[in-house]
Amino acid sequence: MKLPIYFDYSATCPVDPRVAEKMMQCLTMDGNFGNPASRSHRFGWQAEEAVDTAREQVADLMNADPREIVFTSGATESDNLAIKGAARFYSKKGKHIITCKTEHKAVLDPCRQLEREGFEVTYLDPEANGLIDMAKLRDAIREDTVLMSIMHVNNEIGVIQDITAIGELCRENKIVFHVDAAQSIGKLPIDVQAMKVDLISVTSHKIYGPKGIGALYVRRKPRIRLEAQMHGGGHERGMRSGTLATHQIVGMGEAFRIAKEEMEQDRVHTLALRTRLLDGLKDMESVHINGDLEQRVSSNLNISFAFVEGESLLMALKDLAVSSGSACTSASLEPSYVLRALGLDDELAHSSIRFSFGRFSTEEEIDYAITQIRTAVEKLRDMSPLWDMHKEGIDLNSVEWAHH
């Protein structure tokens with residue numbers, strides 16, 4: 001077993017060796033290095049053929065038409081293109097958008113930008129388990145609602161929203177429906193025909209493909225129109241200009257092909273690891289699981305260890321690569337906005353750790369992690385006067401702290 005152990009698969013995954021091998025074939029003079037937009041010679045034709053194959057592989061994982069796949073630089077760009085592109089195109093019909101407070105920043109920040117442009121955004125509160133109440137969602141819809149953006153799986157707590165039901169609601173009300181599926185693609189079955197989703201953002205590096213490449217699914221029937229955010233050579237049917245990165249696209253295609261074949265195998269593997277970790281920790285005192293445990297992707301576990309500062313625990317677990325919050329926000333010392341939206345107080349939100357497992361995680365690593373976590377938590381609690389007070393039965397909420 002090699003240290004440190006990687007338990008941060010929700011932040012990114014290592015590239016699968018099979019994917020890396022395919023990518024290597026598209027880089028050098030001996031390989032398929034041409035520009036897919038070069039129509040006048042064989043190098044361009046071969047590159048275009050490789051891109052077309054990858055486009056089919058990406059479409060295949062979500063039961064889409066390859067012509068509905070637009071390649072981007074990743075899920076952040078896909079989210080921006082979907083949200084700003086759709087909102088601006090349909091702004092004559094209305095300027096109201098609905099989303100949720102626990103969305104990724106790549107959804108929340110484009111919404112904030114649209115607010116500066118005169119749009120109104122409703123940010124829904126999730127329930128305490130992280131799921132959205134359908135009645136509240138229905139009540140938020142107005143005459144001028146043009147767009148709804150709800151993520152499939154949350155990046156911090158791994159809960160799965162009922163995208164099929166939300167899709168039906170949006171279709172009934174003629175609202176464009178965007179889903180950020182960065183954390184669900186390749187982990188859960190996605191069928192765009194059954195789900196009635198109009199726009200889906202996906203990325204490659206969360207399912208063992210390379211970073212820097214993603215895609216946006218844009219429905220053709222009924223056709224969804226977008227205002228381009230990137231202008232240039234008119235690539236990707238005018239929706240996203242820029243030379244296509246053949247090696248990254250081929251890598252993404254191969255990662256999606258493998259995911260389709262091995263999705264169930266990966267799910268069973270990660271679920272067994274999560275259950276093992278949970279079984280090893282659940283008898284500890286004051287341990288709180290964040291988010292619904294049933295409606296949850298198998299590779300994620302987010303736990304708060306009360307009376308332990310999250311940052312100190314991260315430092316104590318120096319041989320485990322885990323995170324507090326998402327990778328995009330774990331550098332800040334603010335408590336997770338996702339956990340705050342679930343109603344956790346600052347202390348509990350601050351003491352949370354996200355474990356995420358993957359294809360290359362092992363039982364041996366889990367067993368090592370259990371020992372390390374139990375030792376670290378016990379040691380840190382021994383140093384905490386609050387833990388002593390809690391053990392003595394003092395209600396910490398009723399204590400009046402002196403201000404100096």
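Any Cβ shown, glycine's included, is placed from N, Cα and C.
Feature list (source: Swiss-Prot):
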type: BINDING; residues: ALA75, THR76, ASN155, GLN183, THR203, SER204, HIS205, THR243; note: pyridoxal 5'-phosphate binding site
type: MOD_RES; residues: LYS206; note: N6-(pyridoxal phosphate)lysine
type: BINDING; residues: CYS328; note: [2Fe-2S] cluster binding site
type: ACT_SITE; residues: CYS328; note: active site, cysteine persulfide intermediate
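A 10 Å cutoff on Cβ-Cβ distances gives THR243 (pyridoxal 5'-phosphate binding site) a total of 12 other Cβ atoms nearby, all chains included. Under DSSP, the residue listed as 'N6-(pyridoxal phosphate)lysine' is assigned to a helix (H, G or I) in the three-state scheme. Of the recorded residues, THR76 (pyridoxal 5'-phosphate binding site) and the residue listed as 'N6-(pyridoxal phosphate)lysine' place their C-alpha atoms 13 Å from one another. Of all Cα pairs drawn from ALA75, THR76, ASN155, GLN183, THR203, SER204, HIS205, THR243, which the record names as binding pyridoxal 5'-phosphate, the longest spans 30 Å. By a simple count of nearby Cβ atoms, those within 10 Å, the most crowded of the binding-site residues GLN183, THR203, SER204 is SER204. The most densely surrounded of the recorded positions HIS205, LYS206, judged by C-beta neighbours within 10 angstroms, is LYS206.
Taking each of the binding-site residues THR76, ASN155 in turn and counting other Cβ atoms within 10 Å of its Cβ gives the largest count for ASN155.
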